[in-house]
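*Asks:* Attaching a single structure in structure tokens format; questions to follow.
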Amino acid sequence: MSTASTPPINLFRRKKEHKRGITYTMLLCGPAGTGKTAFANNLLETKIFPHKYQYGKSNASISSNPEVKVIAPTKVVSFNSKNGIPSYVSEFDPMRANLEPGITITSTSLELGGNKDQGKPEMNEDDTVFFNLIMTHGIGENLDDSLCSEEVMSYLEQQFDIVLAEETRIKRNPRFEDTRVHVALYFIEPTGHGLREVDVELMKSISKYTNVLPIITRADSFTKEELTQFRKNIMFDVERYNVPIYKFEVDPEDDDLESMEENQALASLQPFAIITSDTRDSEGRYVREYPWGIISIDDDKISDLKVLKNVLFGSHLQEFKDTTQNLLYENYRSEKLSSVANAEEIGPNSTKRQSNAPSLSNFASLISTGQFNSSQTLANNLRADTPRNQVSGNFKENEYEDNGEHDSAENEQEMSPVRQLGREIKQENENLIRSIKTESSPKFLNSPDLPERTKLRNISETVPYVLRHERILARQQKLEELEAQSAKELQKRIQELERKAHELKLREKLINQNKLNGSSSSINSLQQSTRSQIKKNDTYTDLASIASGRD
């Protein structure tokens, strides 16, 4: 056997060290200031997540716990803001106090398990947990939090779409990573009253895509009676508004008495009440210090943190994954495939976008209407099969009839090769998607002449392209909205600067006028003092002459 055909020595070693283990994704959601960051650090028993306005100032990629290894540092995976800047990465600036932060979603990838470099015995590779922690920032800090629920729901739905597109491919990626969220912890503000409107809306929206566990934070701020009543209020609101949270239900057909007792105990603790802290004592435990003493956050008498850790990483980890896969994802998958398979042939009018990316040329129309009315946009949006009288209702008829074709020709001539290539690629993609959806229509798929293998191939090609096309359109629409909001904000700043400049000019004019008035008044006072001095001298002279005459 020749040397060239001999396999490398480390070939099997690489196969053995291939990534194995459990993939587990958790979402921490809730209003700002409820302790999500502190909980994440306490959950992993390390300080790798910085608090607000501390981003970039701490070593977020360094873990003090040998059992926790940061694979990918924290990154922004999605955000939506009226100001166009993610609040998570922005520094503290009092000048931005009047701006709404929007919502930012971050992701951190970690590896939980034994560290072989620490001299510990090698553990089973299947026990390693590849943990993805998703966190939300900015909820509850906006005048309108509807964009927060929409952004979180859109992110969760996108993860389902990615898995669905991968499953329907003929050739799958062997290194595909599942990013679906298996459990979401929703942090409730410790008001003592119950759920708020934003809590109900958010938990309802995300419960379609993941298991939701409500969490009460700062449990040490309640007495035992107050905490019991707060739990009852929350569960009453959950039943009243039909919020589908994850419940530890007891199966009457289950023969495992230990499991039944465990679920009963966990159901009585819902929602879990926890305490978090950034302070460690001399033994390395997380504690909270008070004037009257020190308490441990893992104390079962005052906090459910220890029980919650066991639920998340022990007893119910696989159940969360199974529920996400077999119930939530399957419902979404069947609904999505039905909508794609039953889609009729899409005409050219529905695939064309009605707006282009904003630019400085249409800045004025963007500020006033939020739409783009430039000649280039009109030429791009105009279709060959669109009658002229349909367009004349929105635009000036005489200008369009006289100059429409000329402007379109000029734009085609002046358009750069890059833009022309981009338009051609976009047109090809739209034609491809249109043809795929046509082939996936019921009339085409139910044809008796079509082989079964061809039907499966058409379905496998349809879903990924359709899902990707929908995501691209959603991203483009989002970018256009952000650009429009930024343009409006820029216009407001321009008007504010112009107003301040006008005020400065008026102030300068007033100061100059006061100076002139001051100089003229000083001259008048000097003249008056001179005249009075002359009168005084005259008086003295008259008195002297009178006195001399008497003598």
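A Cβ is built for glycine as well, from the same backbone N, Cα and C atoms used for every other residue.
Small disclaimer: the values here were computed from a predicted structure and weren't measured.
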*Asks:* According to Swiss-Prot, which residue out of Ser350, Ser408 bears the annotation phosphoserine?
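*Replies:* Ser408, according to Swiss-Prot.
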*Asks:* If I look at Swiss-Prot, which residue among Ser207, Ser361, Ser368, Ser545 would I find recorded as phosphoserine?
*Replies:* Ser545
*Asks:* In Swiss-Prot, which of these is labelled phosphoserine: Ser416, Ser441?
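*Replies:* Among Ser416, Ser441, the residue Swiss-Prot annotates as phosphoserine is Ser416.
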*Asks:* Looking at Ser259, Ser392, Ser520, which one is marked phosphoserine in Swiss-Prot?
*Replies:* Ser520
*Asks:* Among 30-37, 166-173, 190-197, indicate the range for which Swiss-Prot gives the feature region 'G1 motif'.
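*Replies:* The listed stretch tagged region 'G1 motif' in Swiss-Prot is 30-37.
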*Asks:* Which residue among Ser109, Ser146, Ser521, Ser525 does Swiss-Prot mark as phosphoserine?
*Replies:* Ser525
*Asks:* At the level of the C-alpha atoms, what whole-angstrom distance separates Ser520 (phosphoserine) and Gly33 (GTP binding site)?
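*Replies:* Computed Cα spacing between Ser520 (phosphoserine) and Gly33 (GTP binding site) is 62 Å.
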*Asks:* Tell me whether Arg288 (GTP binding site) sits in a helix, a strand or coil according to DSSP.
*Replies:* strand
*Asks:* So how many other Cβ atoms are close to Arg288 (GTP binding site), meaning within 10 Å of its Cβ?
*Replies:* 18
*Asks:* DSSP helix, strand and coil counts for the region 'G4 motif' (217-220)?
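*Replies:* Output for the region 'G4 motif' (217-220) reads 2 helix, 0 strand, 2 coil.
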*Asks:* With DSSP assignments reduced to helix, strand and coil, which class does Gly33 (GTP binding site) get?
*Replies:* coil
*Asks:* Between the Cα atoms of Gly33 (GTP binding site) and Ser519 (phosphoserine), what distance do you get, rounded to the nearest Å?
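*Replies:* For Gly33 (GTP binding site) versus Ser519 (phosphoserine), the Cα atoms are 60 Å apart.
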*Asks:* Could you measure between Ser525 (phosphoserine) and Lys224 (GTP binding site) for me? Cα positions, answer in whole angstrom.
*Replies:* 81
